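Trainee: Pasting a structure here, questions to come.
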Amino acid sequence: MTIYSLAVDIGASSGRLILGSVDDGRLWLDEVHRFDNHVTKKGAYDSWDIHHLFHEIKSGIHKCKARGIEPASIGIDTWAVDFVLLDEKDELLMDPVSYRDPRTDGKMEEVFETISKERLYLETGIQFQKFNTIYQLYALKEQHPEILDKAKTFLMIPDYLNFLLTGVKANEYTNATSTQLVNAFTKHWDKELLATLGINQDMFQEIQTPATELGRLKEEIAEEFGFSMKVVLPATHDTGSAVISVPQQEDTIYISSGTWSLIGVENHFPICVTKALDYNFTNEGGMDYQFRFLKNIMGLWMIQEVKRNYNDQYSFSDLVEMAEAASSMHSIVDVNDDRFLKPDHMVAAIQEYCRETSQPVPNDPGEVAKCIFDSLAASYQTSVAEIEDIFEREFKKINVIGGGSQNEFLNQLIADVTQKPVDAGPVEATAIGNIIAQKIALGEIRDVDEARAITKQSFSIKTYQPKVKER
Ligand SMILES: Nc1ncnc2c1ncn2[C@@H]1O[C@H](COP(=O)(O)OP(=O)(O)O)[C@@H](O)[C@H]1O
Ligand SMILES: C[C@H](O)[C@H](O)[C@@H](O)C(=O)COP(=O)(O)O
Ligand SMILES: [Mg+2]
């Protein structure tokens, strides 16, 4: 009898529910439900419609039942850093605010007046992004102290969705590390740090690790579906799940390519040296207490916004094709410039940057897309050089995973710019990593090593060889 596990992967641009089963030494996926995700203005803040997301999760579960499939387990992963606060009645004190909301502008620098950047990095090993949870809570304490005063429970986005399913409260480790409030060495909430910032440490929950069975569906939820199932913790930070599916870690730099590009390597210990701080790399927690030594690059968010700017008249494939045709456009922007985090109009922001830097201004969708892909590839190359500088060795290849691995033009650009072969895929790497954690919890797969062997023979990977650079 086939044992199904249901992965819920909600990224910043889309969510999907994918059934996974292991049979004949291979992992089989079946997408059941897909939906858009985006930020909406709610009152003063750019927020997530988390109850709409929960509705979509339930719609996907109903679709499983309609197919006659009752999964044995479910696991939820989402984007990082964002959270909810519950009052003493376990009600939401406010809608979850998006990390792209400007409420944290300038807050990181204010925190440095209390805790030095160096101490923060030495203790947490986490990259400095102004939207990290630590700065979101600091902003909330300044802007709405009354909300923090009423907060009895802190749950990150997947934690809260798990709470709605099970009634159980827990903070999952990989996502908790993205807050910059977890000590990289103790792997627990850094209570001294919280005390220094005047943040109530009692609202944080016990940290649980991936492949832990959190509980089962609440009775009323199970009755709604007509069946129950185990709720298992995957690496609930989506990138944490994605990198589990990288078939071969040795000598490989991964790029988890979705709304963000997360470029890095798997490591067995945190690297908190000054050079890593200066390069702004992070040591996010991974499965089995591995570390994800990586950095955020603005990613395909930029082309998502360009697509929106052109009223979605072009598909991603169209934009890639048009970029490929815009061969005379060579302008490069610093994709990590703060102006690209949440511009009013991405095309205008890119054009302005090119004007400011006296470069040809991209004027049509193809030229804009070409500029984005060239600029992303250039940023990836810089990060590859930084990683090799820190590890004092060369890495043999790059593995692009996630939706962006479908961008053949960008994959080739990456190979050419880095002069390294690029493996592209799996596309649904995050869901695969999510399912792997569930299968380990169910005992169908022994460990991550066995899972990677199964993944390697289950999904086709296309390799792009670098074009030899003309001398
Ligand atoms: N057919 C395609 N060709 C090229 N790129 C694609 C294609 N489909 C999706 N993409 C890229 O994948 C990105 C979405 O990746 P995904 O991993 O689903 O993102 P997230 O998990 O952040 O929602 C899109 O922004 C787009 O750039
Ligand atoms: C804000 C975080 O850096 C972000 O969540 C990143 O860590 C991430 O995982 C993004 O995943 P996407 O699938 O939304 O690109
Ligand atoms: Mg994703």
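Placement of Cβ uses the backbone N, Cα and C atoms for every residue, glycine included.
According to TrEMBL, the protein carries these features:
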type	residues	note
DOMAIN	4-244	domain 'Carbohydrate kinase FGGY N-terminal'
BINDING	ALA12, SER13, SER14, GLY15, ARG16, THR259, GLN304, GLY403	ATP binding site
BINDING	ALA80, HIS237, ASP238, THR239, ASN296	substrate binding site
ACT_SITE	ASP238	active site, proton acceptor
DOMAIN	254-441	domain 'Carbohydrate kinase FGGY C-terminal'
DISULFID	CYS354-CYS371	disulfide bond
Trainee: Counting other Cβ atoms within 10 Å of each Cβ, which of the recorded positions ALA12, CYS354 scores lowest?
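Mentor: Fewest other Cβ atoms within 10 Å, among the recorded positions ALA12, CYS354, is found for CYS354.
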Trainee: For ATP, with binders ALA12, SER13, SER14, GLY15, ARG16, THR259, GLN304, GLY403, what's the maximum Cα separation in whole Å?
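Mentor: Between the outermost Cα atoms of ALA12, SER13, SER14, GLY15, ARG16, THR259, GLN304, GLY403, the distance is 17 Å.
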Trainee: Among the binding-site residues listed here, ARG16, HIS237, which has the most company in the form of other Cβ atoms within 10 Å of its Cβ?
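Mentor: For the binding-site residues ARG16, HIS237, the Cβ with the most other Cβ atoms within 10 Å is HIS237.
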Trainee: In whole Å, could you give the widest CA to CA gap in the substrate site formed by ALA80, HIS237, ASP238, THR239, ASN296?
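Mentor: If we measure all Cα pairs in ALA80, HIS237, ASP238, THR239, ASN296, the largest is 14 Å.
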Trainee: Do you know offhand how many angstrom separate GLN304 (ATP binding site) and CYS371 (disulfide bond) by C-alpha?
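Mentor: The separation of the Cα atoms works out to 14 Å.
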Trainee: For the binding-site residues SER14, THR239, THR259, which one has the sparsest Cβ surroundings, going by other Cβ atoms within 10 Å?
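Mentor: With the binding-site residues SER14, THR239, THR259, fewest surrounding Cβ atoms within 10 Å: SER14.
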Trainee: Go through the binding-site residues SER13, GLY15, HIS237 and pull out the ones with a Cβ less than 6 angstroms from some atom of ligand 1.
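Mentor: Within range of ligand 1: SER13.
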Trainee: If you take the centroid of the Cβ atoms of ALA12, SER13, SER14, GLY15, ARG16, THR259, GLN304, GLY403, the listed ATP site, which other residues of that chain have their Cβ within 8 Å of it?
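Mentor: The surrounding set, listed in chain order, is GLY11, ASP36, ASN37, GLY258.
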Trainee: Measure from each Cβ of the recorded positions SER14, ARG16, GLN304, CYS354, CYS371 to the atoms of ligand 2 and list the residues where some distance is under 6 Å.
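Mentor: Near ligand 2: none of them.
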Trainee: When the Cα-Cα distance from HIS237 (substrate binding site) is computed for each of the recorded positions ALA12, SER13, SER14, CYS371, GLY403, which gives the smallest value?
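Mentor: Out of the listed candidates, the nearest Cα belongs to ALA12.
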